[in-house]
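Some features that TrEMBL has for this protein:
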ACT_SITE  Tyr188  active site, proton donor
ACT_SITE  Lys259  active site, proton acceptor
BINDING   Arg241, Asn496, Asn540  (S)-malate binding site
BINDING   Glu331, Asp332, Asp355  divalent metal cation binding site
COMPBIAS  78-89  compositional bias 'Acidic residues'
DOMAIN    165-346  domain 'Malic enzyme N-terminal'
DOMAIN    356-609  domain 'Malic enzyme NAD-binding'
REGION    63-90  region 'Disordered'
Amino acid sequence: MLSARAAAASQSHAASLWKRGGGDAGGGSGCTSCMEVRRRAASVAVRAAPPKRVEAVAMESAAETAHSDKEVALTDGAADEDGPPEEELPVTPWAFSVASGYTLLRDPHHNKGLAFSEKERDAHYLRGLLPPAVVSQELQVKKIMHDLRQYKVPLQRYVAMMDLQERNERLFYKLLIDNVEELLPVVYTPTVGEACQKYGSIFRRPQGLYVSLRDKGKVLEVLRNWPERNIQVIVVTDGERILGLGDLGCQGMGIPVGKLSLYTALGGVRPSACLPITIDVGTNNEKLLNDEFYIGIRQRRATGEEYHELMEEFMDAVKHIYGEKVLIQFEDFANHNAFDLLAKYSKSHLVFNDDIQGTASVVLAGLLSSLKVVGGTLAEHTYLFLGAGEAGTGIAELIALEISKQTNAPIEECRKKIWLVDSKGLIVNSRKDSLQPFKKSWAHEHEPLTTLLDAVESIKPTVLIGTSGVGRTFTKEVVEAMASFNERPIIFSLSNPTSHSECTAEEAYNWTQGRAVFASGSPFDPVEYNGKTYVPGQSNNAYIFPGFGLGVVISGATRVHEDMLLAASETLAEQATQENFDKGSIFPPFTNIRKISAQIAASVAAKAYELGLATRLPRPRDLEKYAESCMYTPIYRSYR
Ligand SMILES: NC(=O)C1=CN([C@@H]2O[C@H](COP(=O)(O)OP(=O)(O)OC[C@H]3O[C@@H](n4cnc5c(N)ncnc54)[C@H](OP(=O)(O)O)[C@@H]3O)[C@@H](O)[C@H]2O)C=CC1
Ligand SMILES: CC(=O)C(=O)O
Ligand SMILES: [Mg+2]
């Protein structure tokens with residue numbers, strides 16, 4: 001075991017090598033004392049007080065954009081990575097490791113597989129542990145894409161991607177970034193939904209933290225077991241509403257893991273700064289309770305005080321360990337908890353709910369773009385939702401807020417343009433007493449109606465949005481009715497995964513003779529209709545949360561404010577071009593997402609500064625450039 005002092009010496013020495021950069025004859029592996037420390041430290045984990053230099057190196061890293069030729073110290077953790085700058089570290093124990101040889105090949109953060117150069121193989125005891133060929137990262141990407149395309153079953157691709165992430169993190173992210181349109185449906189919706197359903201069967205190694213009822217009273221210890229210290233974004237779920245698939249209990253873990261891989265690939269947040277967490281309070285899913293491969297606690301869900309005590313202990317522990325400025329994204333909680341958790345913890349923590357707020361932001365962006373195709377202002381349109389839960393009421397509220405800002409009308413008036421249908425029918429005044437609190441402000445004066453078709457025919461919306469979680473509920477009759485009184489009906493089928501989409505892209509175009517302005521939550525392939533190819537847009541919060549999170553992190557924002565979500569919407573809406581519209585999409589393609597995320601980050605950060613919520617001072621002059629400079633890039637480092 002290496003002493004804490006030796007470890008700190010190794011670190012500060014390594015940092016100075018890092019700063020000197022490549023070409024230093026005396027640096028890198030040639031430095032004997034550093035080599036000696038490495039030799040002794042191989043495959044050991046050391047607990048030591050965090051030295052100050054970590055922050056200095058990280059800041060330097062954030063300010064630089066060219067990465068590939070940097071010489072880096074082979075230390076674990078944030079210091080050798082790009083990504084948003086870190087905060088001053090609280091003085092608590094933390095772990096790091098220094099790896100070489102066989103251990104290095106098994107360390108996903110530093111492993112490069114066959115890409116280790118001859119010199120690196122000599123310097124790091126890799127000779128003989130690898131076959132002789134040295135291949136570039138580009139060739140590795142080509143090979144893995146070739147392998148992935150051989151799989152016919154999407155879940156096999158998912159498993160292959162997760163294997164890669166656990167074997168060679170930088171290659172995983174390079175692959176994902178370079179092939180984002182092709183691989184997003186693999187690591188994210190729709191395949192991640194199936195992965196969660198079968199998570200127990202495909203489980204190999206834990207990819208995040210599990211906090212279960214059994215950990216009550218010990219949540220702080222659980223969090224301390226996570227090997228990374230400098231966490232900037234947590235995505236947490238309790239697995240009760242996974243996409244439109246319902247209660248998947250502990251197996252919902254696939255969602256925080258998937259969302260955070262997008263934080264890195266799409267938004268440039270360092271992988272080591274991302275922490276996926278699942279709160280396991282049981283499941284009411286009988287199929288899972290009876291599944292011998294289920295990985296969660298085998299009991300029905302805890303509710304009430306027992307549930308809230310665990311959540312409170314968890315939220316306190318997060319703040320205690322990671323400080324005030326870790327962004328906590330609530331994901332896929334059921335609505336009977338989601339709204340209350342958001343209301344409660346947004347007062348004390350840096351939190352947002354992706355399903356309520358992230359979704360609202362992306363859909364508002366889609367609507368602002370649609371207006372450029374359809375005409376009119378937000379206030380001149382009439383909106384009808386199928387589904388009045390987190391996504392539906394979250395989107396509705398942000399639309400009302402934007403209308404109110406644009407027209408100066410009171411928000412109560414603006415809400416009257418927006419109607420929602422839930423499982424019992426149109427939400428109307430006569431139902432007010434029996435409605436959940438989050439539905440009450442949408443109970444307008446109208447006769448009761450029980451079917452969507454009746455609501456469409458009576459309200460005559462210009463915009464129809466599906467957030468019900470139930471597939472094929474936008475029937476031919478419903479879509480044709482929309483097309484009968486709208487020249488360009490706006491139809492968004494947002495429910496995930498694909499099988500739960502309210503209608504398919506093909507149905508939307510066929511039933512409206514190609515006139516629909518359509519977007520969906522999960523991707524659909526391009527559709528041929530009447531000699532024209534339509535490329536439907538994907539209205540998914542994945543456009544927003546990576547850039548939003550980056551903006552929060554780089555500004556050091558202490559709270560999420562709704563104006564930051566509006567800023568993100570407006571910025572995203574500006575990125576859709578006439579070329580996108582001509583092809584039938586109101587969103588820019590995901591191929592541009594890193595640039596878009598930097599722009600969203602800049603506008604979110606600018607808003608945080610304007611609102612006095614940002615703590616990173618002085619404010620960078622060019623926020624977009626600063627955001628870009630902070631983004632993690634997965635190009636291999638040179639370990640000479
Ligand atoms: N594209 C994207 O980025 C996002 C998509 N989503 C998707 O949206 C869907 C809903 O999510 P969320 O809002 O969180 O879920 P909730 O459970 O909070 O809300 C679902 C709503 O749909 C209503 N509903 C259910 N069945 C029917 C039906 N047959 N007819 C009419 N209404 C029905 C429910 O009614 P009642 O209240 O009466 O039970 C409820 O109001 C999911 O599929 C999810 O994947 C969510 C977030 C982001
Ligand atoms: C996309 C997403 O967050 C959902 O479907 O829940
Ligand atoms: Mg979600």
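Along the chain as shown, the residues are counted starting at 1.
Cβ atoms are placed via backbone N, Cα and C, with glycine included.
Everything TrEMBL records as a feature, shown here on the structure.
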| residue | record | Cβ contacts under 8 Å, 6 or more apart |
| --- | --- | --- |
| Tyr188 | active site, proton donor | Gly258, Lys259, Ser261, Leu262, Ala542 |
| Arg241 | (S)-malate binding site | Asp247, Asp332, Phe333, Ala334, Asn335, Ala338, Asp355, Glu390, Gly469 |
| Glu331 | divalent metal cation binding site | Val235, Val236, Thr237, Ile255, Pro256, Lys259, Asn353, Asp354, Asp355 |
| Asn496 | (S)-malate binding site | Thr189, Pro190, Gly193, Leu243, Gly244, Gly521, Ser522, Asn540 |
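Listed in sequence order, the binding-site residues among Asp332, Asp355, Asn496 whose CB lies under 6 angstroms from an atom of ligand 3 come out as Asp332, Asp355. Arg241 ((S)-malate binding site) falls outside any helix or strand according to DSSP and counts as coil. In the vicinity of ligand 2, defined as a Cβ distance under 6 Å, the following of the recorded positions Tyr188, Arg241, Lys259, Asp355, Asn540 are placed: Asp355, Asn540.
Shown in sequence order, Thr237, Arg241, Ile242, Ile255, Phe330, Phe333, Ala338, Asn353, Asp354, Glu390 are the same-chain residues outside Glu331, Asp332, Asp355 whose Cβ sits within 8 Å of the Cβ centre of the divalent metal cation site. For ligand 1, the neighbouring recorded positions among Tyr188, Lys259, Glu331, Asp332, Asp355 are Asp355, by Cβ distance under 6 Å.
Per-residue confidence over the domain 'Malic enzyme N-terminal' (165-346) averages 98 (mean pLDDT, predicted model).
Asp355 (divalent metal cation binding site): 23 other CB atoms within 10 A of its CB, across all protein chains.
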